[in-house]
Amino acid sequence: MSTGPLPEGTPSQLVAAHELVVVGGGMVAQRLVEAFLARLDAAPGAGAWHVTVFAEEPRLPYDRVALTSYFSARDPEELVLGDASMWDDPRVTLHRDCKVDAVDRDARTVTDRLGRVHAYDELVLATGSYAFMPPIPGHDLPGVFVYRTVDDVAALRGWVEQVRSSRGDGVDRPVRGAVIGGGLLGLEAAGALKALGAQATVIEFGTHLMGAQIDLGGGQALKRLINELGIAVRPGSATEKMVADRRSGRVSRLQFGDGGKLGVDVVVVATGVRPRDEVARDAGLEIGERGGVVVDLGCRTSDPHVFAVGEVACIEGRCIGLVAPGYAMAEVVADRLLGGDATFPGADTATKLKLQGVDVASFGDAFARTEGAMELVWADPVAGVYKKLVLSDDARTLLGGVFVGDATPYASLRPMLGSALPGDPGAFLLPEGTGGAPTLELPDDAAVCSCNNVSAGTIRAAVTDHDCTDVASVKACTRAGTSCGSCLPLVKKITTTELERAGIEVSNALCEHFEMSRAQLFDAVRVADLHTFSEIIGRFGVEGTRGCDICKPTVASILASQGNGHILAGEQAALQDTNDHVMANMQKDGTYSVVPRIPGGEITPDGLLVIGQVAKDFGLYTKITGGQRIDMFGARIEQLPDIWRRLVEHGFESGHAYGKSLRTVKSCVGSTWCRYGVQDSVGMAVELELRYRGLRSPHKIKLGVSGCARECAEARGKDVGVIATDKGWNMYVGGNGGFTPRHAQLFAEDLTSAELLRTIDRFLMYYVRTADRLQRTAPWVDDVEGGLDGLRAVILEDSLGICADLDAAMASHVDAYEDEWRAVLEDPDKLRRFGSFVNAPTVADPDLAYVAERGQRRPATPEERAADAPVIAGPRLEVRA
Amino acid sequence: MSATPIERTLVTTTSTTTASSPTASSPTTTTPMTSTPMTVPVCALADLAPERGAAALVDGVQVALFRLADGTVRAVQQLDPYSGANVMSRGIVGTRGDVPTVAGPMYKQVFSLLTGECLDPVGYSPRPGHGPDLVAHRVEVRDGVVHVGLA
């Protein structure tokens, strides 16, 4: 360890032979630590290292590229990169909310914002960039934002919501937003404003949008597509000043160089980024002409013990504001720190716009600047499509490309950069269905996933050498597609091709115990009239086996859908998955959350008081769910019956939040109160929820009912969405949120209430019977023969002659419903499984530990446990009423 | 907890299991060892539901007990190395090939109930400070009473 002030921190820090300090906690810093630890693990002789990371933001490194998704996800946790447990590694210390203010290169120390001095042997600067705010008069007015961090996004969202709600004058005028800067980030910001329900106008100084990536032709096509999203574009406009409202002092108008004006309530400035090189400057490191810390191809700065990576590094004479080159630099430094000689492979500047409904991609020499380069263009202004390939002078080698409106060829062409294209290059640009592009056989060294630097050869090897048989396992094995996901279609294609080549049939067998698919097994069980797992595996399973965690819950679901009594009755209990087994949702520390049913989100004040009192008595953390009910967290397994006894006593029943079954029917307040509502959406939601409660299905099912076309219940994000019309109800199917969000599609119009119930009955029952295991309705609808039209034929026209059967099955479900929790409380035999220990059924798990946060308790983190931080002593005793 | 990647490849257990026991005689003896005095009576066999787990406290150590279909009982550590929570007893019991298994209830890793070995990490790594496998404890069932000897 170097001399100088003793670092503070964990003992492991004191015994480590080498101290690596990383200044900055963004995506590239995260990748650096990950890559460094992986190399340490692979090189046992590397000696003992300790890594200290200083992050300015108060959170774990997150996926800044996916920032726009934070508008819909709203959960910063979902943006966390890689395996968050890396930060629990004893070799790593992460200081959040702890910027480094100074570097002393002679003493080899850094000083953090709290004045603490930390010694280093090797230092990596990964401070990234800041959003550049041009000196336009009025840029500091309230209502002017930049777009760089989760906090920026949260502030912008808060502002828009506040502007909307503070109006209160009865005027239904949308919030007016403007984005200054028509680059990649500016367009994403405009999309975000739209997502927030605000208007958006993009102000672009240059001739066209995304001028750094695409040419004028592409820019014009892009403008049309952007306009179709309801976003206005003002190219060739210099913003002269931002003007405040005289009364409120908030930004209210933009004034342009051409004399034009634009009224605004919110402005986002996205005019580019600048490297955060101030600490490096103060430390006397060499700085590039336009900023950034100058590094060589090994990412070393002018000081041999200081490296710089990512956007702050000035490499080959420039700073690069993209994550893939930053990741490449992180790998280089990780290698160099352990004595390697890796060099920066050159920047992959390919980009893809992440804006729903607009496909834009650009890669390589998009502007045909190479000597003798030829441009091959396909443009269809009517369809809003512009595609261009840049080829070498012999029209063979691919140098770059631009895709607007249809970026399908991008994923397979980009890895071909620098290679000769097979056949006629023009074929790649023609629309699908006109002969189509020649099949590409990517060379093994072609990069497929540039975020994680995975080549086509690595993906093939995952199939051939590592026995991966589907995309999920290929992802887990190679990490391809785990960052931005834009390469996933290509990963899937390569995987499937390789599987076919290896003669591996993509099987639909449930698992090693059943050769049937779920739908086949469902029918078999029904026709053979079987009622226990032993009978079913004996008759249809592989002889002599006893099932597994895949087939058992599937059979449990099939039995439950066919009305075989309580899910914890007899042998069925052993089949139930984690949550179903105790009828609650397991949380990260092994305790559970409890969700009583609140049909349609309608609850009396007395009901609220009961839930509040129960949560208080048992010390449970409470949170409103996305499905308009209340979740109580931190219930120990042995507490569940006591909690439910109280809830059931006061008229609550299971909410099935734990089941692959109906979850909630979300509703807006509808015509009973709302001045716009045209039907009683709450009444319908309650009726639907009570009708389908407890229905076991291949995956969870959510419904929504909106009282008018304004769609406040977000019904089109549900498996079944119902939207009121003047004449009745429109029914939508196949929507969901989650990992792959889908909008529900219109299935039938202007149904009466009775017709609606019958149609939903049939839709759900047909889904329950024929969908694959864990297949939600959206992919199931895609898989039904004939798609949505095929489904209409089955359900509305009874083309298979099964509607009477579906109706009867649903009627029997509705008749047989009983509250699962009430039934458990009445049965001492079922209650026995809720003991904590078989030899001490009321003793709480002694390892549970909690800390207080924002007035409630949450599980202590490993650091808090290790530091013996103010942990609330384990499980607390509940007060019984 | 979100229900993430449950599609997965099946591990063809290349039976390197070294635990196959020579004890032949008693069907209720589960692990290959001569009876040692270090076992503690824990519960009645009848207290354990077939093909499901139960947690037990043995000298202050949390243990997960599993009663298999053939009546034998297996014991492994209750701590799930992939989540850090004491939950292994709440996993689903099954088989992979001939090996009796339990699936972690949190992230669905598959462990051998013979040896505690992790047969399929399903793409996860254990938490820092934990190995991938479970500790397997010794179990004897005598006169309908389950005895556990900590490993």
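Any Cβ shown, glycine's included, is placed from N, Cα and C.
Any TrEMBL annotation is an automated prediction that lacks curation.
According to TrEMBL:
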- A:19-317: domain 'FAD/NAD(P)-binding' (DOMAIN)
- A:350-414: domain 'NADH-rubredoxin oxidoreductase C-terminal' (DOMAIN)
- A:448-494: domain 'BFD-like [2Fe-2S]-binding' (DOMAIN)
- A:587-649: domain 'Nitrite/Sulfite reductase ferredoxin-like' (DOMAIN)
- A:659-795: domain 'Nitrite/sulphite reductase 4Fe-4S' (DOMAIN)
- A:Cys668, A:Cys674, A:Cys708, A:Cys712: [4Fe-4S] cluster binding site (BINDING)
- A:Cys712: siroheme binding site (BINDING)
- A:853-881: region 'Disordered' (REGION)
- A:854-867: compositional bias 'Basic and acidic residues' (COMPBIAS)
Top Cβ-contact partner of the domain 'FAD/NAD(P)-binding' (A:19-317) among A:350-414, A:448-494, A:587-649 (pairs under 8 Å): A:350-414
Extra residues within 8 Å (Cβ to Cβ centroid of A:Cys668, A:Cys674, A:Cys708, A:Cys712), [4Fe-4S] cluster: A:Val669, A:Gly670, A:Tyr676, A:Gly677, A:Ser681, A:Ser706, A:Gly707, A:Arg710, A:Glu711, A:Ala713
Position of peak Cβ density within 10 Å, selected from the binding-site residues A:Cys668, A:Cys674, A:Cys708, A:Cys712: A:Cys668
Secondary structure tally of the domain 'Nitrite/sulphite reductase 4Fe-4S' (A:659-795) (DSSP, helix then strand then coil): 52 helix, 33 strand, 52 coil
